Every structure is written in C-alpha cells, then in structure tokens.
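Report on the following structure.
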Amino acid sequence: MNVDYATRVTETVDILIHADSLPVYAHPGDAGADLCSTQDLVLEPGERALVGTGVSFALPDGYVAFVVPRSGLATKHGITVVNAPGTVDAGYRGEVKVTLLNTDRSEAYRVAAGDRIAQVIFMQVSRANFIEVDILPGSDRGESGFGSTGFGADVKGQHE
Ligand SMILES: O=c1ccn([C@H]2C[C@H](O)[C@@H](COP(=O)(O)OP(=O)(O)OP(=O)(O)O)O2)c(=O)[nH]1
Ligand SMILES: [Mg+2]
C-alpha cells in the first residue's frame, strides 16, 4: 500500500509550560522532546544525581508526562534515568527533575548546563475505577509469568 506520509495528521496537545528553554522535538514526528540540564555537574561511575531542567508544566487532566533516557547517552556513556519512566502527574506544578545515573564502571560523565539530558513524552492515561471481586475471570496465561514462556525461539504454551 502506498502511504502518503505528508498528508498524515499528527495529533498534538496544548501543554501549558513555564520554562527557561522549551523542550525541543529534534525531528518532526519525534515522540520525545529533549530536556536540558540547568546545571553543570560530573557524574562519577555509579553515581546518580537529581538534575534540574528549568521546566514546569500544567498538564491537562488525563495526561501524564514520562521522563525517559536518551538512547545515545545510554549507549555511548551508560547514562540513564534511574526511575524511567519518571512520572510527572497532571497536578504537579514543580520543576521537572531528572534522576540521572552513570552506569559506566570506569568513565565519569560531565554534564554542562544546556546539555540535553533526557526526553519527555506526553501521553493520555486512564485512571482506574477499582471494582473488587471475589474471583477474577480466567485467562489463558493464568498466573504464569516471569519467564514462563521460556527464552529461546520456541514459545512454550503457544497455540494456533
Ligand atoms: O522523574 C521524575 C519523576 C517525578 N517528578 C515529579 C513529578 C511528579 O508528579 C512528582 C512525584 O513523582 P512520583 O509520584 O513518581 O514520586 P513519589 O516518590 O511517589 O513522590 P510523591 O509522594 O510526591 O508522589 O515528582 C519529576 O520531576 N521527575
Ligand atoms: Mg507519587
């Protein structure tokens, strides 16, 4: 099928923001907008730090912002976000901060103010209306989990 990507509509949502510098979508269609550090710091091997971004949001009700690592920093330098995905609640009005961790065993990592340290993804979420029952409905998987289907190419329990 021939899809004309130019005619596809990208859905956007208005996000109220207070920011030193706006998060940046590096390419059209990117899911994540990069967040920048407000501070200079050095992360020694194994060290973590709470890093400011200078950004605060008033998210629409029913939305969440997830703070997630940048793959380049992770792959090249072992820099990740400890609690990924960091959850920014719709009601939170404080500065969005990033708990960076240097997982590298030998190399320190230097962050300069203005560096893009993580990215933020906006998503709609459902809140649960918990309905207590005595017995849960059955399912194929049941209580199997934690590797129950194996790890090779063959999937245990697979059916037509
Ligand atoms: O990576 C993150 C994660 C959270 N937050 C902010 C926004 C979020 O709404 C608030 C609380 O986050 P969370 O609920 O994950 O932390 P908690 O340890 O449960 O704190 P609290 O008791 O305040 O809910 O902290 C960030 O700025 N960055
Ligand atoms: Mg919480």
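Using the three backbone atoms N, Cα and C, a Cβ is placed for every residue, glycine included.
The annotation domain 'dUTPase-like' is assigned in TrEMBL to 22-150.
Counting every protein chain shown, the Cβ of S71 (substrate binding site) has 11 other Cβ atoms within 10 Å. Positions annotated as substrate binding site by TrEMBL: R70, S71, G72, N83, T87, V88, D89.
Residues R70, S71, G72, N83, T87, V88, D89 are recorded as binding substrate; their most distant pair of Cα atoms lies 26 Å apart. Taking R70, S71, G72 as the candidate binding-site residues, the subset whose CB lies under 6 angstroms from any atom of ligand 1 is empty. Taking the Cβ of R70 (substrate binding site) as centre and 10 Å as the limit, one finds 19 other Cβ atoms among all the protein chains shown.
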